[in-house]
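The transmembrane segment annotation in TrEMBL covers 45-64, 84-105, 173-196, 216-235, 242-268, 288-309, 321-342, 416-436, 448-467, 473-491, 503-522. TrEMBL lists 46-541 with the feature domain 'K+ potassium transporter integral membrane'. Annotation comment: TrEMBL describes 554-791 as domain 'K+ potassium transporter C-terminal'. Summarising the annotation, TrEMBL assigns region 'Disordered' to 675-698. Annotation comment: TrEMBL describes 686-698 as compositional bias 'Polar residues'.
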């Protein structure tokens, strides 16, 4: 190609100026570093904001803790007050030891690049150990990208625990199942928490209505509020987020003032019940009944896991500041105030009438009822959003069927909405509410879900202490035995209520766990099939530069799951189709087990064969909390990365190998793509030169001009110029997306369980799941789907 023809697509940039794509997507990696350097004023602002997002669930627990503890008939309220004093002492020490000591002071420190939650602990362990079953979780072909600019950790010393996890695959499966069990219980909590919180808040109508009229009003009002809550999810948290912190702050102030009033007016000496001695007196008197009532007392720590899971939205110091200075004192005052009132009243008709609203002065009961309902809605909102986030993480790591994920905020990556999950949660939540119609059974179900997640966190955290913090195994055992013993007692008390509602989270978790395990198993088998049936590069090289077919204008983008070799789907094209695109790109979208991948480490580009082949491999890496770009921006970033790879002359300064010794498997990290502009000039007139491409389907290929912007003083030879010229022509002609559609079938002779798992369950999930996230916005007119049968 002559120099005159190459001129339109090259333009030298005269000055600095950053790439707008970096400005758009580069904030995630530096957020953690900036958060650690915030001033106290900024930390206080974050702490205030965390009240509405993090503490909505734990703040509303005073609505139903005492009611649940006394509702089962296991314990009564006697004149000696041993029961109420014992319950208060248990609540105080459970909040102090589990929430304050375990979560706030210890677990919050175990962040995965600023993120928290069960999956964050799992990915942290797998990466540090170098063994895992999920993509990018330690056993991946690609070197793990850095997260958020953090320095690479020093190589950990060898230990027996680390060696066992690396060498024994059954331990890796056990670790994964344990993490998935905790995740499925979190999803179950997303069903139960809105039902318990809203129903408990609305139950204040009982004391404000005569006779039995409340039984005709309580359930319909609760259902209406729940339907409204789930129906508003598609608007996004950010639309009403500015109201959340004031509502929770007002609620905490309200329960604190009422608590102080009840303490002063009814029983100023109630503080003595905080002594552990009263726990001993309580268990001594009530014995088995007291042990069974622990399932209700456990609800005082609901929301502790949510506090850890929402760590990515705030900093550690802001969450600690909000809990220790506002939330914890307010809850203690609220529980003490209720106990003070109940200790001076022994004429309740039924034990389950012992609750929050009986301790509220009658004159302010209606305003408090309104604030309580708003606070319950806020707490439920946070749990629902947290459930969405957990499912998104599972989808990113191939542990949940693909669902539609809508990002409701352009600034906060964690605010998402998943339509399918939202309506499933709503139906299940309404079914639980209508089916039980009281807080007793719903609280039993919620208690078991909460304590199961806590036990999973305790076990994973003990591994983090040894494997990630490099502490002596004695510290891990001390952590595991101390907190594990406390939680095991509560777990046994919750499990014994199996027939009284505790079966609900077990059934829900088993269903979600089965779905996640089947999806992960089927996806892993499909990946193994792709790897086993990939075509060798030597076969491709034997075809010659033309690949044995006619090369036409345009870019062919072939999606594949493998990162080396040629996917089997491509052999179908070159053997059955008479023509293919002049530029071929094998694209692999890789989800890795870090929260965020820095933009400068996102694209890895390599060449397949000689330069005349015009074959490229691009691996794009996303963290499990990253937001994938839309199709137009992604196309631009992809083309600019390939162009920079061509311009840099295949320099391997920043290159790396993905584990293969072949020179054609080398991938270079493209930290910044070569910028380019696309202008529409349909008739060559000066007026039309200002047109911008807003919709690729509305602009003809002849009117699209691509001009790469080269760095100042850039020197390129004729061969590179020719390759860039061909890339621009292909971009002008358009891009086609070739996607494979795999139909999974178990091999003949497989076991019955495998045939059912693959042929029926996994195929059903495949048919009813969404397309991959990177293909969600691809124009259908540019998409070609090819079906293949995979015998696994």
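Yeah, the Cβs are placed from backbone N, Cα and C, and that goes for glycine too.
Caution: TrEMBL annotation is automatic and unverified by curators.
In summary, the transmembrane segment (448-467) lies against the transmembrane segment (503-522): three or more C-beta pairs, each 6 or more positions apart in sequence, are under 8 Å. Under 8 Å from some Cβ of the transmembrane segment (242-268) lie the Cβ atoms of residues 48-53, 55-56, 59-60, 62, 326-327, 329-331, 333-341, 343-344, 359-361, 368, 371-372, 374-375, 378-379, 381-382, all in the same chain and six or more residues away from its ends.
Remark: the transmembrane segment (216-235) makes no contact with the transmembrane segment (321-342), by the rule of 3 or more CB pairs under 8 A. By the Cβ criterion (under 8 Å, sequence separation of 6 or more), the transmembrane segment (416-436) is not in contact with the transmembrane segment (45-64), since fewer than 3 such pairs are found. Remote same-chain partners of the transmembrane segment (321-342), defined as residues 6 or more beyond its termini with a Cβ less than 8 Å from a stretch Cβ, comprise 43-44, 47-48, 50-51, 54-55, 58-59, 61-62, 65-66, 77, 84-85, 87-88, 91-92, 95, 99-100, 104, 249, 252-253, 255-256, 258-263, 266-268, 270-271, 273-274, 300, 307, 354, 356, 358-359. By number of Cβ pairs under 8 Å, the transmembrane segment (288-309) is matched best by 45-64 from the list 45-64, 173-196, 503-522.
Within its own chain, the transmembrane segment (503-522) has Cβ neighbours under 8 Å at 133-134, 176-177, 180-181, 183-185, 187-189, 191-192, 394, 398-401, 428, 432, 445-446, 448-449, 452, 744, 757-758, 761-762, 765-766, counting only residues six or more beyond its boundaries. Through the fold, the transmembrane segment (45-64) approaches residues 35, 38, 99, 193, 196-197, 200-201, 237, 241, 243-249, 251-252, 255, 299-304, 306-307, 310, 313-315, 318-319, 321-323, 325-327, 330-331, 334-335, 338, 355-356, 372, 375-376, 378-383, 439, 443 of its own chain, all at least 6 residues removed from its boundaries and within a Cβ separation under 8 Å. Averaged over the domain 'K+ potassium transporter C-terminal' (554-791), the predicted model has a pLDDT of 72.
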